[in-house]
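A.B. asks: Just dropping this structure here.
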Amino acid sequence: MPLLDSFKVDHTIMNAPGVRLAKVMNTPKGDKITVFDLRFCKPNIEILPQKGTHTLEHLFAGFMRDHLNNNDVEIIDISPMGCRTGFYMSLIGTPSWEMVAKAWEESMKDILNVKSQDDIPELNKYQCGTCTLHSLDEAQDIARNILAKGVGYIDNEAIKLDMSKI
């Protein structure tokens, strides 16, 4: 089995919160697809709470589109990582990490302005696979933590995995 790009970085020295350029690829027609690692937590030290992560998924996807989509950039998907330390964001275009960080921080502010659980989009049994697995309080705690720490840059070369360690 091939070693995927996400496992070629040393998670023991990865800082968070931070934006990491995970991959850039071209479609057959030449469009650029960019994947960002939006690392909320320091791997193996912190973990996002399950209910808060699910709520964040519902809110973050829309708010990031509000702040980042433009004529040159369109978000395809934002999905939580299985390890619960962040999200992957795939998009058409190549925004700078600074643009991504600014949109992320603005999205966290938006999450803090959500008034009640009733305001979470698609929170019903028809549009959500586990509609009882949500916590606005946890999502807002995550947002407060990100804003308190600030979003930085994660340099792939600085955290390149020394393959002799595995």
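Numbers here mean position along the shown chain, with the first residue as 1.
Every residue gets a Cβ built from N, Cα and C, even glycine.
The Fe cation binding site annotation in Swiss-Prot covers HIS54, HIS58, CYS128, and the record cites sequence analysis as its basis.
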A.B. asks: Counting across all protein chains present, how many other Cβ atoms fall within 10 Å of the Cβ of HIS58 (Fe cation binding site)?
C.D. replies: 19
A.B. asks: So, three-state DSSP: helix, strand or coil for HIS58 (Fe cation binding site)?
C.D. replies: helix
A.B. asks: What's the number of neighbouring CB atoms sitting within 10 A of the CB on HIS54 (Fe cation binding site)?
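C.D. replies: By my count, 23.
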A.B. asks: With Cβ-Cβ distance below 8 Å and at least 6 positions apart along the chain, what are the contacts of CYS128 (Fe cation binding site)? List them in sequence order.
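C.D. replies: The answer is HIS58, GLU122.
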A.B. asks: From the centroid of the CB atoms of HIS54, HIS58, CYS128, the recorded Fe cation site, which same-chain residues not already listed sit within 8 A by their CB, in sequence order?
C.D. replies: THR55, GLU57, ILE120, GLU122, LEU123, THR130, CYS131, LEU133, HIS134
